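Here's a structure for you.
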Amino acid sequence: MAISLDIARDNPNAQTVTVPAAALQPGEDKPTLIGLSREELGEALGTIGVPQKQWRMRASQLWHWFYVRGVSDFAQMTNIAKDLRQKLDDAFTIARPEIVSEQISVDGTRKWLFRFPARGAGRPVEVETVYIPEEGRGTLCVSSQVGCTLTCTFCHTGTQKMVRNLTAEEILSQILIARDRLGDFPNADTPQGAIVPSEGRLVTNIVMMGMGEPLYNFDNVKKALLIASDGDGLSLSKRRITLSTSGVVPEIFRTGDEIGCMLAISLHAVNDELRDVLVPINKKWNLKALLDACRNYPGLSNAKRITFEYVMLKGINDSNQDALDLVRLLKGIPAKINLIPFNPWPGTDYECSDWERIEEFADIVNRAGYASPIRTPRGRDIFAACGQLKSASERMRKKERDAMAAQG
Ligand code: SAH
Ligand code: SF4
């Protein structure tokens, strides 16, 4: 059965693609090998009788099939003997999770809704992932959680209760399936008419800017990003992986030290009074604590700057004084400033600043030496722009979970 879900809102030209049935088969209930470290892979092989002296070699072989060739079926692993392939298939899965829908914006942006198993949350969960093609690059916006514990008042995800953290496998799977669907693996075909970079790889950049707060799921995000940047696998440069946080101060140093990716901070306000409202985590770690953590970000230099994201909200944070304060606040920190036109969602009271206001604000920021700071909204017609992601997944109440368990 093929499922498609049409949630394109404003633009009749946006398409919803029906995904072929074969791509929809969820993995059976076997443990996955995707998202394991090489050591864990070796140990998993030990459980099906592979002698320890072969673990390293076998783990490298599998790694290559998973992350360079993009294979999601053991049968395709031609340099592994048939009986071992069979044993692997009996014990483990490397199948992709289910794709519920794929929507394509008139500007080429793609949004997928993926379904992952319940893992204790009661029922299967759904998350969104967005692909943004540009000249010379393709950026994948990856989710780290289903819902979010935080409640930033301008963010649609913030209205969805936190359901659960995604596992390292689920974070990586978003990259793997996007590459499947775009034909971004060796010998794969890109769908006809797809808007993608004209040469080179189709997914060149990863931003952890989908649903959820990545630093509240540090271990899984770290594991996934270390695999994504592994030079013998997906091989994405750490300079092209950006993690965005609302300001989980205690984890910021570790992000640079243990993951080594680029950092983006959802700033959005230049004083604590307003930031307490827009980004409530500010009540726990205020601007001073946040900016101190930024100054200490490992590897920070003019060649490795922190991106400060600033959503433009009409009449709230968009005055010339705010722009001047922004520049003053960031003085001395190697920074890029990214002004994000507010993307509206059903039920929000905020409005996007007028275009002239954004330009005047940007001029002040520009004159202080920050280049081209306005982020072009993408995929608005399919509701895929920053802060518009929200899935229908809800945590089941305990009573419902118990009832489901009782049904077997
Ligand atoms: N939780 C993380 C990452 C996900 S949000 C964080 O908050 O940083 C990615 C970016 O989109 C953040 O800067 C967020 O503040 C911004 N954003 C959220 N809602 C938005 C909206 N409606 N319009 C524009 N940007 C939004
Ligand atoms: Fe969560 Fe980020 Fe949205 Fe805030 S902006 S509610 S931290 S996803």
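Using the three backbone atoms N, Cα and C, a Cβ is placed for every residue, glycine included.
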Check TrEMBL for me: it has G212, E213, S266, L267, H268, N343 binding S-adenosyl-L-methionine, so pick out which one of S235, S244, S319 it puts in that same site.
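Record check against TrEMBL: S-adenosyl-L-methionine site with G212, E213, S266, L267, H268, N343, extra candidate from S235, S244, S319 is S244.
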In the structure shown, which of the binding-site residues C152, L267 has the fewest Cβ neighbours within 10 Å?
C152
Of E128, C148, C155, S244, H268, N343, which recorded positions come close to ligand 2, meaning Cβ under 6 Å from one of its atoms?
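From E128, C148, C155, S244, H268, N343, counting a Cβ under 6 Å from ligand 2 as near, the near ones are C148, C155.
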For S266 (S-adenosyl-L-methionine binding site), what residues in its own chain, 6 or more apart in sequence, show a Cβ-Cβ distance under 8 Å?
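In sequence order, the residues whose Cβ lies under 8 Å from that of S266 (S-adenosyl-L-methionine binding site) (at least 6 apart) are C152, S244, T245, S246, G247, V279, E309, V311.
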May I ask which of the recorded positions E128, E213, L267 have a CB within less than 6 Å of any atom of ligand 1, listed in sequence order?
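Checking each Cβ against ligand 1, the ones under 6 Å are E213.
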